[in-house]
Amino acid sequence: MSPILKQVFVSASPQLAAISAGGLIGYPSVLLQQFKSNDSSIIVDVHTASWIASVHGLAGVPSLFIPYIMQQHGRKFGFHICCLLVILGWIIIYFARNATTIIVGESFQGLGAKSLLVVSYLTISEMVDPKYRNILMLLYNINQTVGVTLVHVMGKFLHWKTISLTMIMPVAIGFLLSCSWPESPAWLALKGRFDECKKSFIWLRGADEDAITEMNALLNSQIDNRNNKPKKTNTIAALKEIWGNITSRDFYLPSFHMFILLSVYYWSGNLVFLVYAMNMVENVTKNEESAYIGMVVMDCVTLLGNATAYIFFKYYNNKPVLLFSGIGSAVFLLASSIVSYLQYLEIVSDDSLLCLYFLIGFMIASSLGIYTTPYVMSSEIMPIQHRGIGGSLMVIIICSSYSFTLKIAPYLVMYLKLHGTFLLYSVTLSVCLIWVWKFVPETKNRTLQSIEESYLNKIKAESVEPQPESQANLNVRLVLIQKPLESNDVLHTVVPAEVIQSLLEHKECIT
């Protein structure tokens, strides 16, 4: 099997799990719609309905321990826990007879799904070649949208309990496939298991020059980190080390970038439209049948947009794609706000579909970048040595944003009306996009090591004055280590391209 196929095989498990994770995002919309029918044995009020829609986020807060578990026990172990939690949640909902039990089942789903998002993106970012990383992360988002669309369509024809059984299958198959994974090379290097790291890396990526160069950079970085890491003597020293990590530039800067990137998705209203899809569209069209058709159309164009986004990711960098998608989304939100306000003033008819058309345009624009890029870039910008606490921080941001935006959405519509809500989302999105444009680094086709070094290089650039070119000095030392006779390992010596270029430019300095 070629390295590319091996990487696709490893990423297949998160892709299948993403279908079930996407399904639980659209599931509350189906539940709330079916509970409104006269023959439903479960009756919910507005307060209970808001909890059914938003509990996934709040329940996902304990998943901040999953990154720590991954750092201690590996990426495979973390992925298995996430899958089992999602499966357990679907099973509990199937046997539910009241709203409380459904909320309990959703709590397990939220705990597993929020962790699954972090585990899947970190796993793909660490185990897949940078050339294919973007497309496989994009595919994860596409599969989530497939799950949302499937649940919304099935909700028209199947009972909610039947849907819960159906959505167990993808994540269960993904769990079984993941049992054949190798462990992440980055995690093995972090733990000092360098021989296993080499075997895993070569199995996944092959032994070509680029792969070996990246592997050596990974190994050298982790060896330096282990050598420079102070020994833990007591609790005070451990706390000082944690504080030192938190206050270091290569942690707090990517952490803030992560918050802004995730806010682009959550505080632009995209999640609200997915979960409250039926209610939002019905609020606009004033017709239940038109609302269902509009919801399915929005799901389909979102799915089509996510698939089309591959073209943009193939030919353009992440930041331009995100900015293009974000600007389009902000414009359509502003247009929706204006039309909704005109309806509020009775200048435009209440049953006009103009606002719905603008909302469909908003979903199309968002699906071209906002749905995927914030997660992709957030999972790539955090340095490896901070991925334990960084992953926990990512979970906290995701869970709090998920729960808070969904919980307050009905009250925003109640007090600000639709036009005020759309305007708020448009302004928030615009502010986040300005920060991304000015400060967030590009991540496409860059190794995790090079992204990490970009933060450290800025520190060095600020503290070290450049020397005149005439005083430039180059000192390169090549050390050859004899291969042990009893070892069958293949030793690779690769001189990076930048070193070769420096040697050619400074021949007079070579001695």
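Quick reminder: no glycine exception, Cβ is built from N, Cα and C everywhere.
Sequence annotations record features per position, and here TrEMBL assigns domain 'Major facilitator superfamily (MFS) profile' to 1-444. The transmembrane segment annotation in TrEMBL covers 50-70, 77-96, 102-124, 136-155, 167-190, 258-278, 290-313, 320-344, 356-377, 389-416, 422-440.
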Stretch in 77-96, 258-278, 356-377 most in contact with the transmembrane segment (290-313), if contact is a CB pair under 8 A: 356-377
Rounded mean pLDDT for the residues that make up the domain 'Major facilitator superfamily (MFS) profile' (1-444): 82
Residues from the same chain, set at least six apart from the ends of the transmembrane segment (389-416), whose C-beta lies under 8 A from its own: 46, 50, 53-61, 63-68, 70-71, 110, 114-115, 117-118, 122, 242, 245-246, 251, 254-255, 258-259, 262-263, 266-267, 269, 271-272, 275-276, 283, 378-379, 382-383, 424
Stretch with greatest number of CB pairs under 8 Å, the transmembrane segment (136-155) reference, 50-70, 356-377, 422-440 candidates: 356-377
Considering the transmembrane segment (320-344), which listed stretch of 50-70, 77-96, 102-124, 356-377, 422-440 counts the most C-beta pairs under 8 Å: 356-377
Tertiary contacts of the transmembrane segment (102-124), as residues 6+ beyond its ends and Cβ separation under 8 Å: 10-11, 14, 17-18, 21, 24, 28, 31, 42, 51-52, 55-60, 62-63, 66-67, 70, 75, 78-79, 81-93, 96, 133, 136-137, 140, 184, 375-376, 378-379, 387, 391, 394-395, 398-399, 402
Within-chain partners of the transmembrane segment (422-440) [C-beta distance under 8 Å, separation at least 6 from its ends]: 257, 260-261, 263-264, 267-269, 319, 322-323, 326-327, 329-330, 333-334, 336-337, 340, 377, 381, 412, 416
Outside the transmembrane segment (77-96), six or more residues from its ends: residues with CB under 8 Å to it: 13-14, 17, 20-21, 24, 66-67, 69-70, 102, 104-113, 115-116, 119-120, 123, 160-161, 164-165, 167-168, 171-172, 174-175, 178
